[in-house]
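Trainee: Handing you a structure now.
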Amino acid sequence: MHQDLKTAAKNVNYWSGVTTLMPLVGAFLADAYFGRFTMILISSVVYLLGLGLLTMSEVIPSLKPCDNPASCHKSEKLHEVIFFLALYLISFGTGGHKPSLESFGADQFDEDHAQERMKKMSYFNWWNFALCSGLLIGVTVIVYVQDEVSWATADMVLTCSMALSIVLFLMGKRFYRYRVPEGSPLTPMLQVLVAAIAKRNLPHPSNPGLLYEIPKSNGSRLLCHTRKLSFLDKAAILEDGYPEEDEEKVSIKKNQSPWRLATVTKVEELKLVLNLIPIWLSTLAFGLCVAQATTFFIKQAATMNRKMGNFVFPPASIYSVAAIAMLISVAIYDRILVPVLRKVTGNERGISILQRISIGVVLAMVSMMISALVERRRLKVVNREILSGSASGSSSMSVFWLAPQLITIGIGDGFAIVGLQEYFYDQVPDKMRSLGIAFYLSVLGASSFLSSFLITIIDHLTQRGGGKSWFGKDLNHSRLDKFYWVLAAINAVNLLVYAYLARRYSYKNVEKRVAVVADSSEDERHGIEMIP
C-alpha cells in the first residue's frame, strides 16, 4: 500500500491491538452464555469469512490494489476498504476463537485427577509448541508464496487451511468434555461488592470459619479464605447468627438475597480478579518489546542483505528465528528443566508461574538492548556506504545480525508468553477461564496500542523545536536504536515493580478434595494438593 514507516507500524499495531483485545468480548460470551465449543464454531466461521474476503481482494480484478502493480504508487480506495474489512473480520473471529479454543483444550484435563493434573501443567507448553510450529510455517512457506508466487495464492492456502481445521475440530465432537456456561461471571462479583458495602459497619468475626459458605453440589471447587482485601469479607458475614449444619446454610441461601449475602468462594473469586490487575499492568512493558518483533524487526530485515547463495530471504521470514528459539526453549523447559527444578524446589511446576514470567521479562529487556546495538551498527554501515557512493537502498550488512535479538526475544516468549497464558487461565475463577486467556491476550493488545502511542509521543517530542524525528520516512533516516534504548529503560524500571508485586502475590487456594483414580490393578486415592 506504499505507506510510510510510521503509518505502516501504527496500522499493524492497531490491528494487533484490536485482534488481541476482542477476545475479552468473545471469551465473556463463551463463558457466560454460548459455551466454549459453540463459540469456537461461530468465531471460526467469521474467521473463515474474513480470510475469504481477503482472498477476493487479491483475485477479483475490481478489488485488486492496482491495475498495473509495476507502476502503482498508491492502492485503490476500494481495495483498502475491502482489505481492512477482511482483516478486522479476522480480528472478530480471533476474538472468540483464540481464548475459547485454548481454554476448551485445557478443560479436557480433570484437575481432581492426579495424573491428568500433571499433564495439564505441560498442556500450555505444548499448545504453544504447536502454535509456534504453525507460526513457523506462516513466516516461511506462506511468506515465500506471497513474495515469489502471489498474495492471492497465499490467501487461498490460508483460507483452505482454516476450512480444514474446522472440519478436523468437528470430527472430535463426541470425544470432548464440555463445561456448561453458568451465566455472567460479573454479576456475582458485583453482588459481593454491593453486599460488602451494605455491611461495611459490621465487625469481622473472630474466626474466618464463621463466614458464610455452603457445599458445592454441582462439582464446582470451593476456595479457601485469604486475608488480603479483607473489606470484601464483610459480604460473607451472617447477620443472624452462625449455623453449623449445611442444611441450615442452604436454607439461609434460599431466604437471603445474593445482593446481601455472598459465600466465601464468591468473595475469593472477586479477590482473584482484583489481584490480577497489578500483574496485568506490570506485564505491559514486556508486551511493548513483543510488539517490535512484528513491526520494526521485520522492517530492519527488509533493509539488510538477505541473500543465502542464490536464495533471497523474505523479510518476514526472519521471524522464524524467534519461532525456532521459542520451540526449542519450550521443549527444553518442559522435558529437562521442569523435572530437575521439581526435585530442587519441591514445586510441582518446577518454579512458580510468576517466576517463569519474570525470566521472560528480563530476556525481553536484554533483547531491546541487543536490538539497539545492532541497529546502531546498521546505521553506521549505511552511512559509510552513502559516503562511499555505494548505497543502493539496502545495507550490505547481513540480515542474520538480527539473529541474537530474535533468539533472545524468542526464548523470552517461551518463558513469559507461556507463563502468562498459564497464569491467567489458572488464577481466575473456574467459570471465567476463557476470559482468563483473553486477559493474557489483552496484555499484548494493550501493549500494541501503547507502542503506537509511544511512537506518536516520541515522534512529537523529537521534532519539537525543529529537531529530527526518530521515525523518518524510511529506516535509514530513523533512529530506532534510541527507541530501543527507551524500551529497555522502561522494562528495567518495570521489572522492579513486577518483582515487588510477584513477591507479595497470593496464589489461588482451592480446598483440598480427594479424587478416586481407577488404575489398571487397583483403585488408588490421591489427595489433591493446592500448589501455585
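Cβ coordinates are placed from backbone N, Cα and C, and glycine is handled just like the others.
When I checked TrEMBL for this same protein, it listed these features:
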- 12-30: transmembrane segment (TRANSMEM)
- 36-54: transmembrane segment (TRANSMEM)
- 126-145: transmembrane segment (TRANSMEM)
- 151-171: transmembrane segment (TRANSMEM)
- 272-298: transmembrane segment (TRANSMEM)
- 318-341: transmembrane segment (TRANSMEM)
- 353-374: transmembrane segment (TRANSMEM)
- 399-425: transmembrane segment (TRANSMEM)
- 437-458: transmembrane segment (TRANSMEM)
- 483-502: transmembrane segment (TRANSMEM)
Trainee: Which stretch from 12-30, 151-171, 272-298 shares the most C-beta pairs under 8 Å with the transmembrane segment (483-502)?
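Mentor: Ranking 12-30, 151-171, 272-298 by Cβ pairs under 8 Å to the transmembrane segment (483-502) puts 272-298 first.
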Trainee: Same chain only, please: residues at least 6 beyond the ends of the transmembrane segment (399-425) with a C-beta under 8 Å from a C-beta of the stretch. Say none if there are none.
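Mentor: Distal contacts: 102-103, 106, 124-125, 127-128, 276, 279, 283, 286, 289-290, 293, 297, 300-301, 304-306, 313, 318-319, 321-326, 328-330, 333, 353-354, 356-357, 359-364, 366-368, 370-371, 374, 377-378, 433, 436-437, 439-440, 443.
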Trainee: Do any residues, 6 or more residues outside the transmembrane segment (437-458), come within under 8 Å Cβ-to-Cβ of it, and if so which ones?
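Mentor: Same-chain contacts beyond the ends: 6, 9-10, 13-14, 16-24, 26-28, 98-99, 102-103, 276, 280, 283-288, 290-292, 295, 420-421, 423-425, 428, 470-471, 483, 486.
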Trainee: How about the transmembrane segment (353-374) and the transmembrane segment (272-298): do they have 3 or more C-beta pairs under 8 A, pairs 6 or more apart in sequence?
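Mentor: In this chain the transmembrane segment (353-374) contacts the transmembrane segment (272-298) - 3 or more Cβ pairs sit under 8 Å.
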Trainee: Quickly jot the same-chain residues contacting the transmembrane segment (272-298) by Cβ under 8 Å, restricted to those at least six beyond its ends, or write none.
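Mentor: The answer is 8-9, 12-13, 16, 189, 223, 228-229, 315-316, 318-319, 322, 354, 357, 360-361, 364-365, 367-368, 371, 402, 405-406, 409, 412-413, 416-417, 420, 423-424, 427-429, 432, 439, 442-444, 446-448, 450-451, 454, 480, 483-484, 487, 490-491, 494-495, 497-498, 501-502, 505-506, 508.
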Trainee: With pairs closer than 6 in sequence left out, are the transmembrane segment (36-54) and the transmembrane segment (151-171) joined by 3 or more CB pairs under 8 Å?
Mentor: yes
Trainee: If I count Cβ-Cβ pairs under 8 A between the transmembrane segment (12-30) and each of 36-54, 126-145, 318-341, which range comes out on top?
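Mentor: Against the transmembrane segment (12-30), the leading stretch is 36-54.
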Trainee: Take the transmembrane segment (318-341) and find every residue of the same chain, 6 or more past its ends, with a Cβ under 8 Å from one of its Cβ atoms.
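Mentor: Same-chain contacts beyond the ends: 121-122, 125-126, 128-129, 132-133, 135-136, 139-140, 293-294, 297-298, 301, 306, 347, 349-351, 399, 402-403, 406-411, 413-415, 417-418.
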Trainee: What residues in the same chain, six or more past the boundaries of the transmembrane segment (126-145), come closer than 8 Å to it by Cβ-Cβ distance?
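Mentor: Contacts of the transmembrane segment (126-145) (Cβ under 8 Å, skipping residues fewer than 6 from its ends): 102, 105, 153-154, 157-158, 314, 316-320, 323-324, 326-327, 330-331, 334, 414, 417-418, 421.
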